[in-house]
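Engineer: I'd like to ask some things about the structure below.
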Protein chains: 2
Amino acid sequence: MRIIGIDPGSLRTGYGIIESDASGQLRHVAHGCLNVSGQPFLERIGAIYRGLKQVIGDTQPNVAAIEQVFMARNADSALKLGQARGAALVALLEAGLPVHEYTALQIKKAAVGGGHAAKEQVQSMVRWLLKLNENPQADAADALACAICHAHHASTRQRWQLAVSR
Amino acid sequence: MRIIGIDPGSLRTGYGIIESDASGQLRHVAHGCLNVSGQPFLERIGAIYRGLKQVIGDTQPNVAAIEQVFMARNADSALKLGQARGAALVALLEAGLPVHEYTALQIKKAAVGGGHAAKEQVQSMVRWLLKLNENPQADAADALACAICHAHHASTRQRWQLAVSR
């Protein structure tokens, strides 16, 4: 299973691609961050879509994971984040990927073991879990954590289904 | 000039296509509303993108107008509206359409002459301006009003440029 995790934002959208084998072993494939902060807002939305389309084409994931956003600082930042997330979702859905949503709490628990981890803890744990040489950039680390979260949930689901079918 | 106006929403996205000739005369081409309310949220985002892509392919506009949203009732509705608007923008931008944004005040002024019009007034005026047989559905009427707003602004700009160049 090749998973793309997305951490959408109207300035920076992180992405991370990992592979998870039948035994739940994780392997890092790629990660990065689309920085669209220098452009007018409308162009940013187009750039997020095109950028992710390119990443999906290059890395060929077969499933996607994205943080489920319930709230934002205020309505203005929610509108901006929402549009970025909408553009990201279109890129995932148009590529035919099943999209799974996880809460911030689920993602932090999967990556760090607790729900109240600082950004730096997420970066260090993702680096350790995926045997990277250095800490990934913060948004890319969140995206990788989201992909790791899906890998854990999927492998738990699989073990549970196996146990039930025996 | 063939203009598509969009009134995005996470439940209903209105669209309206009009033509505006060199003298500023308006002609109705098509209008409608993508009602995605019966689907899970993620599927709605995909359906808005695909629906508008289809409408753009069918009606071949060469410019787009969309309401500029500054605020929403609360962060939750802003997140939902934002994602719908993001999906709509990707459809417009990927079709290569220049996208113009107008405030709700500009749109109501263009369609009704005042900034505080009720939904029904917008529907009646749009019907009258475009010589329709009946009031368009509310979201489609807002989308048509947005297209009319762009037609007015574009023709004013053109007259102004002509006057300056004489």
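Using N, Cα and C of the backbone, Cβ positions are placed for all residues, glycine too.
Marked as active site by TrEMBL: A:D7, A:E67, A:D139. Residues or ranges marked as Mg(2+) 1 binding site in TrEMBL: A:D7, A:D139. According to TrEMBL, the feature Mg(2+) 2 binding site maps to A:E67.
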Engineer: Could you give the Cα-Cα distance between A:E67 (active site) and A:D7 (active site), in whole Å?
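Structural biologist: Their Cα atoms are separated by 7 Å.
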Engineer: Measure from the CA atom of A:D139 (Mg(2+) 1 binding site) to the CA atom of A:D7 (active site) and give the result in Å, rounded to a whole number.
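Structural biologist: Pair distance, Cα basis, whole Å: 6 Å.
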Engineer: So if I draw a 10 Å sphere around the Cβ of A:D139 (Mg(2+) 1 binding site), how many other Cβ atoms end up inside it?
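Structural biologist: Counting Cβ neighbours of A:D139 (Mg(2+) 1 binding site) within 10 Å gives 24.
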Engineer: Which entry in the list of active-site residues, A:D7, A:E67, has its Cβ near the fewest other Cβ atoms, using 10 Å as the limit?
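Structural biologist: Output over active-site residues A:D7, A:E67: least Cβ neighbours within 10 Å is A:E67.
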